[in-house]
Amino acid sequence: MNAIWIAVAAVSLLGLAFGAILGYASRRFAVEDDPVVEKIDEILPQSQCGQCGYPGCRPYAEAISCNGEKINRCAPGGEAVMLKIAELLNVEPQPLDGEAQELTPARMVAVIDENNCIGCTKCIQACPVDAIVGATRVMHTVMSDLCTGCNLCVDPCPTHCISLQPVAETPDSWKWDLNTIPVRIIPVEHHA
């Protein structure tokens with residue numbers, strides 16, 4: 001019985017010692033992040049699209065801060081993001097890069113081919129917003145109002161019955177920018 005307690009104490013002391021060493025090393029050898037990179041990364045839209053030529057927003061922010069990369073290459077962010085970065089870095093705003101056009105991608109929604117769905121629930125487990133409804137061995141359905149089009153449910157599906165399809169724009173789904181609609185105000189006295 002004493003041998004068990006000695007072994008437990010020895011393993012506990014080893015764990016405590018290694019924990020203390022790791023804690024010290026994490027503080028002693030900590031790498032400081034560049035605050036300018038952090039601020040640029042916060043401004044970028046975080047779409048991780050790669051249209052700027054970098055694999056994501058963070059590498060593009062590092063290239064802007066450290067390597068002097070152009071600030072006008074973010075297509076999803078467009079002119080608004082470029083102006084914020086120019087203000088942050090105190091540089092002249094630049095026109096959008098010819099290749100980087102401000103695009104508003106069509107909203108995509110997952111669609112399940114219910115004839116091929118085997119009800120495995122792998123897509124339900126993968127969906128981060130719980131937009132898929134169904135049960136084991138029962139066909140599943142996507143609630144299009146909740147679906148963000150993130151594409152995370154497509155790969156886990158063993159029968160490949162899930163696809164992303166663009167949502168048709170209707171007057172109900174259109175995002176109206178009321179500031180750009182010309183409005184003429186008619187004085188009240190002319191209404192009678």
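Using the three backbone atoms N, Cα and C, a Cβ is placed for every residue, glycine included.
As the structure is a computational prediction, the values presented were derived from the model and not from experiment.
The [4Fe-4S] cluster 1 binding site annotation in Swiss-Prot covers CYS49, CYS52, CYS57, CYS74, and the record cites sequence analysis as its basis. According to Swiss-Prot, the feature [4Fe-4S] cluster 2 binding site maps to CYS117, CYS120, CYS123, CYS157. The [4Fe-4S] cluster 3 binding site annotation in Swiss-Prot covers CYS127, CYS147, CYS150, CYS153. Residues annotated as domain '4Fe-4S' in Swiss-Prot, with sequence analysis given as evidence: 32-91. The domain '4Fe-4S ferredoxin-type 1' annotation in Swiss-Prot covers 108-137. What Swiss-Prot records for 138-167 is domain '4Fe-4S ferredoxin-type 2', and it gives sequence analysis as the kind of evidence. Feature annotation from Swiss-Prot assigns region 'Hydrophobic' to 1-26.
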CYS150 ([4Fe-4S] cluster 3 binding site) versus binding-site residues CYS49, CYS120, CYS157 - nearest by Cα: CYS49
Of CYS123, CYS150 (the binding-site residues), the residue whose Cβ has the fewest other Cβ atoms within 10 Å: CYS150
Between CYS147 ([4Fe-4S] cluster 3 binding site) and CYS123 ([4Fe-4S] cluster 2 binding site), the C-alpha gap once rounded to whole angstrom: 12
Spatial neighbours of CYS49 ([4Fe-4S] cluster 1 binding site) that are distant in sequence (at least 6 apart) but have CB under 8 A: ALA75, PRO76
Predicted model, mean pLDDT over the region 'Hydrophobic' (1-26): 93
Integer Å distance between the CA atoms belonging to CYS153 ([4Fe-4S] cluster 3 binding site) and CYS117 ([4Fe-4S] cluster 2 binding site): 13
Closest of CYS123, CYS153, CYS157 to CYS74 ([4Fe-4S] cluster 1 binding site), Cα positions, binding-site residues only: CYS153
Rounded Cα separation (Å) that holds between CYS57 ([4Fe-4S] cluster 1 binding site) and CYS123 ([4Fe-4S] cluster 2 binding site): 28
Densest Cβ neighbourhood among CYS57, CYS74, CYS120, CYS153 (binding-site residues), 10 Å radius: CYS74
Inter-residue C-alpha distance, CYS52 ([4Fe-4S] cluster 1 binding site) and CYS123 ([4Fe-4S] cluster 2 binding site) (nearest angstrom): 31
